[in-house]
Amino acid sequence: MMAVESPKKAFRRIEERQRRVPMQENTNTASQLLVRHNSSDRFIADRSSLDLDVARVTLNEEEKESSSCPDSPCLSKEAYRKHLSAIMFPKSRILAFRSKPPPAPETVYNTTPYSSDPFRPLPMSSRSHRYIPQCPERTLDAPEILDDYYLNLMEWGAKNVLAIALGQRVYLWDASISLISELMSMEEEEGPVTSVSWACDGRHIAVGLNNCDVQLWDTESNRQLRTMKGHTGRVGSLAWNVDSTLTSGGLDGKILKHDVRIREHIVETYRGHEQEVCGLKWSGSGQQLASGGNDNLLHIWDNRRTEYLHRFEDHHAAVKALAWCPFQTNLLASGGGTADRCIKTWNTHTGACLNSIDTGSQVCALLWSKHQRELLSSHGYAHNQLTLWKYPSMRKIADLSAHTSRVLYLSQHPNVNKVYASQSPDGYTVASAAGDETLRFWQVFGSADAPKTTNTSKDIAFKHHTHIGLR
């Protein structure tokens, strides 16, 4: 009869065996385990990972405990379970749930969506991953759109109507019912349309022309209200302020402020650019105007005076792309042309440049998200892409490369009542127009709706290719 080894001797022998091979390589490779696992469809216990010596000693001890306490079988089973678990898994909890996850090694995020501090990190809800479609949701054909970096030929109005200038004509596309109509047409000798801009009411629109005039139209009656003169070169940029005044920038380097309600409409003249003014944007408060020109200059103007507040000479190419931040009134983003390729952010109260990044491509247009702390840029040479950036880190989130020519124009779906937004959520859809004569719509800023199933008849109908105008 074989003598039973004492527990102390068994544990000492196990420790000596483990001490001899402290860093033994696991010979059970992944392929060997896979073959053994797939060799049969039945479960066969694998005893190679068990220590039979320990099990035998434990069983002997439990037998002694059960014999000494015959009336407590449950106690002996519980003691055996605990003892076996402590020997086989001494210091780990396999796949154990924790009552509370460990704190993230980041700063605590503010729950306010937009705060007065432009550099405060995003709320936790805004940092969740979301799907960014790499293909546009809809593509419209835009023949005869001018491939001219210095013009501004597209804008989305407050009543969900997108205006786009194609050659000599201006077309209106009602996004709520997908209706296309022609607003106006110019004669050949008067030249093409060079800029469009919606008034805040979503009904009136200003049209800049190559013949130096600015026309004001009522889109509900398709009637021209007046023609405003004052420039000596084409009018390539227009911007309405919140007080119903219109600002125009021309090839002559002048910026004119028009009060469209009075006969003598020119009320202010801003002089600071030496070449064509190709970018104009009023801040959300209506107190500051940003202007960019082909002279590589960026000016900030105060609404109450004609002298510029700041003059920035940091860009090394034409400054057309301008965008005021919707959640920080004194935060401006600007982009430079081919020789510059940079996006810069500015504090327009102090005049400080907050950040500058080289995008690697000509910056044609900029748009801030109204729901996330993100900035969208459109580009020309050399990549012709749209790029989404995280603010304030300016980390690249995604590139969208559907266009085959430089993406000159960007416009964002306005924040309007849902009666005007039956096809797309408020403030999420972005339209881009490029020199490849296409107009594309993107859900780059996410969606207010819950995720929808794919391959529905509505989705298929939404992705068809349509003409705007005639070739």
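In case you wondered, yes, glycine gets a Cβ from its N, Cα and C as well.
Remember, TrEMBL labels are computer predictions, not curated facts.
Within the set 1-29, 59-87, 291-319, the record from TrEMBL flags 1-29 under the feature region 'Disordered'. Per DSSP, the secondary structure of the repeat 'WD' (186-227) breaks down as 3 helix, 22 strand, 17 coil.
Averaged across the domain 'CDC20/Fizzy WD40' (140-442), pLDDT for the predicted model comes to 93.
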